[in-house]
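A.B. asks: Quick one: the structure is below, and I'll ask about it shortly.
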Amino acid sequence: MKRITILGSTGSIGTNSLEVISRFPEQFCATYLSAGSNVKLLAEQAKRFRPKGVVIMNESLEGELRSLLAGESIEIMSGEEGLCEISRRSDTDFVIGSVVGFAGLKPTVEALKAGKDVGLANKETLVVGGEIITSLVEEHGCKMLPVDSEHSAIFQCLVGEAPEFVGKIILTASGGPFRTWEKSRFEQITVADALNHPNWKMGSKITIDSATMMNKGLEVIEAKWLFNLDYDRIDVVVHPQSIVHSMVEFKDGSVKAQLGVPDMKIPIQYALTYPERFYADYERLDWRNISKLDFETPDTEKFRCLALAYEAGRKGGSYPAVLNAANEVAVELFLKEKISFLNISELIDDAMQAHDGRAASSIDDLIDIDAQTRRYVYDKADAMHAV
């Protein structure tokens with residue numbers, strides 16, 4: 001029985017993870033669950049899956065959670081310390097990191113320090129702290145298994161292959177809802193437009209990231225750390241059908257690709273069962289209904305966030321942390337309709353240009369840079385409105 005902690009159990013990855021766990025009650029159990037502020041769903045999950053403990057990140061909601069779980073023999077914690085505590089406890093074997101954004105960094109660090117294997121869906125953790133995280137994986141002998149569909153695809157294509165035979169990896173991107181829009185129309189993009197993803201059902205932050213193609217940019221940086229490749233060996237192609245999840249090109253010119261219906265339960269299950277594969281009755285590809293698979297070069301003039309991510313990755317150091325913090329704030333402001341869609345990339349670019357490039361050798365350094373960048377972007381956005 002593999003005992004599983006889910007950091008972010010009420011989000012898209014978390015709810016899909018619980019669905020996978022429910023299909024294999026003899027193999028998996030949910031030991032600890034956490035949520036940001038969705039206290040009602042967390043309580044429902046706790047009553048259904050009977051974990052040992054739950055964490056609500058929003059400390060002001062702890063009282064409500066206690067009321068909802070009154071009479072239940074479930075430990076209740078709150079805040080970042082609660083999240084870190086369930087990440088390192090000895091009575092869990094595997095941690096699924098699906099907390100959105102920078103908030104996922106510290107609990108992932110705690111899980112790795114405690115020698116836990118991690119299924120990583122929180123790409124920001126590697127974007128911000130790639131060098132620190134990969135060092136911890138090596139130091140503590142942990143496995144870090146990708147849960148993102150694209151990185152899971154690359155991981156699967158690399159099974160049985162020697163690293164020296166890899167030429168490059170090719171991450172596929174749906175292109176989002178604005179793939180066919182002219183740049184001149186981008187000024188008119190509304191929040192509702194941007195949340196209307198053509199292929200995947202995801203949380204609001206990652207859906208906006210997909211619309212700007214920042215999601216793919218973050219995945220490029222994540223791939224650099226997961227697969228130890230330079231940026232000139234990480235390509236992105238737009239694939240509107242989201243059937244080919246990613247590819248690996250080898251030195252002899254041959255290419256391996258991993259295909260499947262766009263269903264996050266499949267890569268989640270693979271991370272949980274690796275190196276085995278369990279039967280599951282998920283939807284299968286119907287080859288009779290696939291008339292063609294399209295591939296395009298991404299337009300980085302329209303989608304500047306992808307180019308900014310490559311720039312931050314190549315500069316290295318603390319630039320990816322700045323990229324991530326600026327993006328998180330810009331997306332938050334866009335979702336609140338305080339800035340326009342085009343302002344997202346503008347604010348990220350401004351923050352990167354303003355950054356002094358100082359090194360970040362510890363988690364505390366990264367926290368300081370993250371906080372400074374967030375203040376800068378909030379101030380810059382306020383100045384936009386003042387004009």
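All positions are counted from 1 along the displayed chain.
Each residue, glycine too, has its Cβ placed from N, Cα and C.
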A.B. asks: With ASP148, GLU150 listed by Swiss-Prot as binding Mn(2+), identify the candidate in GLU72, GLU75, GLU80, GLU219 belonging to that site.
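C.D. replies: Swiss-Prot lists ASP148, GLU150 binding Mn(2+), and from GLU72, GLU75, GLU80, GLU219 it also lists GLU219.
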A.B. asks: Among GLY176, GLY203, GLY217, GLY253, which residue does Swiss-Prot annotate as binding NADPH at the site that also has THR10, GLY11, SER12, ILE13, GLY36, ASN38, ASN122, GLU124?
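C.D. replies: Given THR10, GLY11, SER12, ILE13, GLY36, ASN38, ASN122, GLU124 bind NADPH in Swiss-Prot, the matching entry from GLY176, GLY203, GLY217, GLY253 is GLY203.
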A.B. asks: Which candidate from LYS116, LYS123, LYS251 does Swiss-Prot annotate alongside SER149, GLU150, SER174, HIS197, SER210, ASN215, LYS216, GLU219 at the 1-deoxy-D-xylulose 5-phosphate binding site?
C.D. replies: LYS123
A.B. asks: Using a 10 Å cut-off on CB atoms, tell me which of the binding-site residues ASP148, GLU219 is the least crowded.
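C.D. replies: Among the binding-site residues ASP148, GLU219, the lowest count of other Cβ atoms within 10 Å belongs to ASP148.
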A.B. asks: In sequence order, which same-chain residues at least six apart have a C-beta under 8 angstroms from GLY203 (NADPH binding site)?
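C.D. replies: GLY11, SER12, VAL100 - these are the non-local Cβ neighbours of GLY203 (NADPH binding site), listed in sequence order.
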A.B. asks: Taking Cα atoms as reference points, rank the binding-site residues THR10, GLY36, ASN122, ASP148 by distance from HIS197 (1-deoxy-D-xylulose 5-phosphate binding site) and give the first.
C.D. replies: ASP148
A.B. asks: Quick one: give me the count of other CB atoms within 10 A of the CB of LYS123 (1-deoxy-D-xylulose 5-phosphate binding site).
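C.D. replies: The answer is 29 other Cβ atoms.
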A.B. asks: Run through ASP148, GLU150, ASN215 for me and report the binding-site residues whose CA is within 10 Å of the CA of ASN122 (NADPH binding site), in sequence order.
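C.D. replies: For ASN122 (NADPH binding site), the binding-site residues whose Cα atoms are within 10 Å come to ASP148.
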A.B. asks: For GLU150 (1-deoxy-D-xylulose 5-phosphate binding site), list the number of other Cβ atoms lying within 10 Å of its Cβ atom.
C.D. replies: 28
A.B. asks: What whole-number Å value do you get for the CA-CA distance of GLY36 (NADPH binding site) and ASP148 (Mn(2+) binding site)?
C.D. replies: 20
